[in-house]
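**Q** Take this structure first; my questions come after.
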Amino acid sequence: PEVKKFVAWDYVVFAALFLVCASIGVFFAVKERKKKTSKEFLVGGRQMTCGPIAFSLTSSFMSAVTVLGTPSEVYRYGASFVLFFLSYALVITFTAELFLPVFYRSGITSTYEYLELRFNKMVRLAATLIYILQTILYTGIVVYAPSLALNQVTGFDLWGSVVATGIVCTFYCTLGGLKAVVWTDAFQMIVMVVGFVTVLVRGTTLNGGSTKIWEDAYEGSRLNIFDFDVDPLRRHTFWTIVIGGTFTWLGLYGVNQSTIQRCISCKSEKHAKLALYLNLLGLWTVLVCAVFCGLVMYSHYKSCDPWTADFISAPDQLMPYFVMDIFSSMPGVPGLFVACAFSGTLSTVAASINALATVTFEDLVKKGFPNLSEKMSTWISKGLCILYGVLCTSMAAAASLLGGVVQASLSIHGMCGGPMLGLFTLGIVFPCANWKGAIGGLLAGITLAFWAGTGSFIYPAPPIKSIPLQLSTFNCTLANSTEALTTAAPTVAPERPLLADTWYSLSYLYFSAVGCLGCAITGLLISFITGPSKGENIPPVLIKPVCNLFCFWSERLKTSLWCGVRHDSQEVDFEKNLPKVVANKTGTDDTFKNNTNKENKCQFPGYNPEENSYTN
């Protein structure tokens, strides 16, 4: 069971990663020191191309949680995790076609600016505060999880790595802004894939080739992917992953500041959409690598599971343990894998710090101090980066209480991201929703999601709903699994409340769906009770007419479902006209009407501007 610890070459490879990341920050700080406005610092001057943005998006959301957590999920529960490739495809399609066009054309810097344009300042402030809480919590897990796993297996110092992560991310975010974050992410994405491929190649050759690994996985029931059981209490089935996973990741991608900030930094909407679709290929690549790593690991340890045999203390340490085991004779290579895990961490933490600084500056600081000079704005943005760097690093201490990294991180995203997704869906898809419905819906969604999430944390689901697959310690030199079983038995004794085996046992992937649907349904009910919004007062660019897809056969039905929003009068170039709307927030409606009136002198129902005539 004794596995070698880090040697000098491993530290050299690992330190090289941190050095390259820091130097990218210095490069952009020196290169663009003359033209650093707050806009340039926070959204790269809206001049980025699709390539680096696609790499950056993939790298940011494929954190160390994926590098360490996904292979151990596959090792313990089987390869059904690969079904997330369907979730990712649905998520990217919805983001690119539904949410992104509205945000991009609105000319906003923070996604929460949209909520003020569509509803009011109160809704914007509530959403901003929830986002800040969610991101700091999640970033704490992302920093702490790999540090703990690597500390216990490789001997790498725990708080040394936590503090180093925080310092390096804060350093290059503060110096280089969004451009440094994006280009560093692109570099880290390459390191992640190289690390995965190295582990796959070495693991496959040691275990008799890909055919042998496939046979072992089949015999160990690791390839039972398509389980169509509709029971929502089952941890992973086809439906929980495809439906629940789509809601969870849509909260992450569709309306999350980190994603949208990168997309709106692109030079055109076309580049932004292309970046999202290219990023889908990256997500699939990393997912397939992680799933295959889990199968290779199972083949290697099928007759001696190091977790059951107590060689390691948590499932998240399986991957580092495996790497130190197979690369014990190759100094420097374990350092590459650790660099791979930390690439995921650095990119996620950097994205979070940059997004938090943007949201705080745009939604809180600028509201309180609207007349700040450009120089002062840039310095405040940098100060916020430092503040959030310290906060996220400190939050890592609390993350030790949250259990398995994949489930903990997706649960937090589900509980906070689901209601936010519901809120933006209300605004973008339903013109009748008003600000009272938005606030009421958000509160209802948050309450439902946190009720289910907190309940499942206190009363975990019964083993039959989330039981791991069989693991063997038959060939271990030290197998004390029987001892583990006898100590685990008394935990069944305490009484469980009535909801513990139903509502609290809901699959963690459904938390987001509960929050989103709770928010949307409550919001619509409150809007109808208090009097729905008048469509004529809403600028058409803030609404996506989804009904056009389903009602193409009837112009009259289509127009009635617009709820009074004048989509037919929008012959204007949104990208040229809408920044005026955003700039003059006090008179949003008047500015918008002036712009459209110049293009369409008469806007009575039935008027056709192309033919200068009315249709009866």
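Just so it is clear, glycine is given a Cβ too, placed from its N, Cα and C backbone atoms.
Feature table excerpt (TrEMBL):
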- 6-30: transmembrane segment (TRANSMEM)
- 81-104: transmembrane segment (TRANSMEM)
- 125-146: transmembrane segment (TRANSMEM)
- 158-175: transmembrane segment (TRANSMEM)
- 182-201: transmembrane segment (TRANSMEM)
- 236-255: transmembrane segment (TRANSMEM)
- 276-298: transmembrane segment (TRANSMEM)
- 336-357: transmembrane segment (TRANSMEM)
- 385-406: transmembrane segment (TRANSMEM)
- 412-430: transmembrane segment (TRANSMEM)
- 437-459: transmembrane segment (TRANSMEM)
- 508-529: transmembrane segment (TRANSMEM)
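Can you walk me through where each of these features ends up in the structure?
**A** Residues of the same chain lying 6 or more positions beyond the ends of the transmembrane segment (6-30) and with a Cβ under 8 Å from any Cβ of it are 154-156, 164, 168, 171-177, 179-180, 183-184, 187-188, 191, 331-332, 334-336, 338-339, 342-343, 346.
Long-range contacts of the transmembrane segment (125-146) within the same chain: residues 63-65, 67-69, 110, 112, 115, 161-162, 165-166, 256-258, 316, 341-342, 344-345, 348-349, 352-353, 355-356, 359-360, 363-364, 388, 391-400, 402, 405, 408-409, 412-413, 416-417, 419-420, 423, 439, 442, 446, each at least 6 residues beyond the stretch ends and with a Cβ under 8 Å from a Cβ of the stretch.
Counting same-chain residues at least six beyond the ends of the transmembrane segment (158-175), those with a Cβ under 8 angstroms from any Cβ of the stretch are 18, 21-22, 24-26, 28-29, 143-144, 146-148, 150-151, 181, 184, 342, 345-346, 349-350, 353-354, 357, 382, 385-386, 388-390, 392-393, 396.
Sequence-distant neighbours of the transmembrane segment (276-298) (same chain, 6+ residues past either end, Cβ-Cβ under 8 Å): 50-51, 53-55, 57-59, 61-62, 66-67, 70-75, 79, 81-82, 84-85, 88-89, 92, 95-96, 100, 189, 192-193, 196-197, 199-200, 203-204, 207, 213-214, 216-217, 220, 222, 263, 318-319, 322.
If you look at the transmembrane segment (336-357), the same-chain residues 6 or more away from its ends with a CB under 8 A from one of its CBs are 6, 10, 13-14, 16-17, 21, 42, 56, 59-68, 132, 135-136, 138-139, 142-143, 146, 149-150, 154, 156, 161, 165-166, 168-170, 172-173, 177-178, 181, 184-185, 188-189, 191-192, 194-196, 198-199, 256-258, 261-262, 319-320, 323, 327, 381, 384-385, 388-389, 392.
With a threshold of 8 Å between CB atoms, the same-chain residues lying at least 6 positions outside the transmembrane segment (412-430) that come near it are 98-99, 102, 111, 114-115, 118-119, 123, 127, 130-131, 133-134, 137-138, 141, 247-248, 250-252, 254-256, 437-438, 441-442, 445-446, 449-450, 452-453, 508-520, 523-524, 527, 542-544, 546.
Within its own chain, the transmembrane segment (437-459) is flanked in space by residues 115, 119, 122-123, 126-127, 130, 411, 414-416, 418-420, 422-423, 426-427, 496-497, 499-500, 503-506, 508, 510-512, 514-516, 518-527, 530, which lie at least six positions past its ends and keep a Cβ under 8 Å from the stretch.
Proximity of distant same-chain residues to the transmembrane segment (508-529), defined by a Cβ-Cβ separation under 8 Å and at least 6 residues beyond the stretch ends, is recorded for 232, 235-236, 240-241, 243-245, 247-248, 250-251, 407, 410-411, 413-419, 421-423, 425-426, 430, 432-434, 436-438, 440-442, 444-449, 452-453, 456.
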**Q** So which residues does the transmembrane segment (81-104) touch in its own chain, when a touch means Cβ under 8 Å and the partner is 6 or more beyond its ends?
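**A** For the transmembrane segment (81-104), the list is 70, 73-74, 111, 114, 225, 236, 238, 241-242, 245-246, 248-250, 252-255, 259-260, 263-264, 269, 272-273, 276-277, 279-280, 283-284, 287-288, 290-291, 294, 424, 428-429, 541-544, 546, 575.
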**Q** Short question: which residues 6 or more past the ends of the transmembrane segment (236-255) have a Cβ under 8 Å from it?
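**A** Long-range Cβ neighbours of the transmembrane segment (236-255): 61, 77, 80-81, 83-84, 86-88, 90-92, 94-95, 98-99, 111, 226-230, 410, 413-414, 416-418, 420-421, 423-424, 507, 509-513, 515-516.
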